[in-house]
Amino acid sequence: MAANGSSPEQSGRRHKVEGPKKHIVAFVFSILLTFIAFATVIGGEINKDFIYIILLGTAVLQVFVQMAFWMHMKDRGHRFAIIGILSGVFIVFTCVIMAEYWVWW
Amino acid sequence: MSAHTHTEGQLPHEPEKATLEGRNKVLGFWLFLGGETVLFGTLFAAFLALRDSVMDGPTPDHLFDLGLVAIATAILLTSSLTSVFAIQAMHRHETKALINWLIITVLLGLGFLGLEIYEFYHYVLEGHGFTTSAFSSSFYTLVGFHGAHVLFGILWITLLIIQLKRKGLTVVTAPKVYVAGMYWHFIDVVWVFIFTVVYLMGKVV
């Protein structure tokens, strides 16, 4: 984990403190995604399956924004974090698919 | 993890990762979040399987008020942002700003919880109790579990604020704040799926 984003000549200097700008952009983006999701349902004269796809799409995108930027997953040294969460997600998908498609058969 | 130079007696740039204990806490917390994902996943699965079984009780379409849900979502998203600002203040070693952002986060969390309690109270008055139908049981279990997590987060962060005021920002307190911030984002992530799967999909008839 030696490659930590900063070039060798920088490491002696003061650390660069990251500004709030990136996070405000992420915030605006997630508000926008939320708005799209709500508007699709409220405006809703469209095909039901299409609405579901939009809803799931915006939710997944939003989770990606949250995890990558706010939970620092995009930062270096998060390989075990990704493995931990992904193994959770794998079990979740199994459960959800089981409940949705098998329970009532 | 960081090979940067540090002045003696000064707090390192990322104090949460400065000690092995701190790094282990963060790693362990990620694995815990994996387990939490499974917990909520099973609750979501149960809800998805049972959401059409309303019996004589009210249907989701009938019950949900999207205006209220939109406000709750906005509050929780904003609190996620303020907790990011708290962590940024921590990286700048500004303990006072860190505490203030944490207080704002807690207040927003309380606002969210208040809305949820009002919502549940309202539903019960409309004849949507815990035992009304399979839909209502799975609904209250899923959304209530999330609400309980919010409550736990509020208590946790409140205790951290008290500790920060007493002990200040050190390599011991910093990982705690960082991990609490991760927990708060995770709660937000779960809520994203709740408003999508429970409320918005419930409104699609």
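Placement of Cβ uses the backbone N, Cα and C atoms for every residue, glycine included.
Bear in mind that TrEMBL entries carry predicted annotations, made automatically and left uncurated.
TrEMBL lists B:27-50 (among others) with the feature transmembrane segment. Tertiary proximity for the transmembrane segment (B:27-50) is limited to same-chain residues at least six positions away from its ends with a CB under 8 Å from its CB atoms, namely 134-135, 137-139, 141-142, 145-146, 179, 182-183, 186, 190, 193, 197-198.
The domain 'Heme-copper oxidase subunit III family profile' annotation in TrEMBL covers B:27-203.
Per TrEMBL, transmembrane segment is recorded for B:62-86 (among others).
The annotation transmembrane segment is assigned in TrEMBL to B:98-118 (among others). The list of residues near the transmembrane segment (B:98-118) in space but at least 6 beyond its ends in sequence, with Cβ under 8 angstroms from a Cβ of it, reads 68, 71-72, 75-76, 78-79, 82-83, 85-86, 89-90, 143, 147, 150-151, 153-154, 157-158, 160-161, 164-165, 169, 177, 184.
Annotated transmembrane segment per TrEMBL: B:138-162 (among others), in sequence order.
Sequence annotations record features per position, and here TrEMBL assigns transmembrane segment to B:183-202 (among others).
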Where does the mean pLDDT land for the domain 'Heme-copper oxidase subunit III family profile' (B:27-203)? 92
Is it true that the transmembrane segment (B:138-162) and the transmembrane segment (B:183-202) have 3 or more Cβ pairs under 8 Å, skipping pairs fewer than 6 apart in sequence? yes
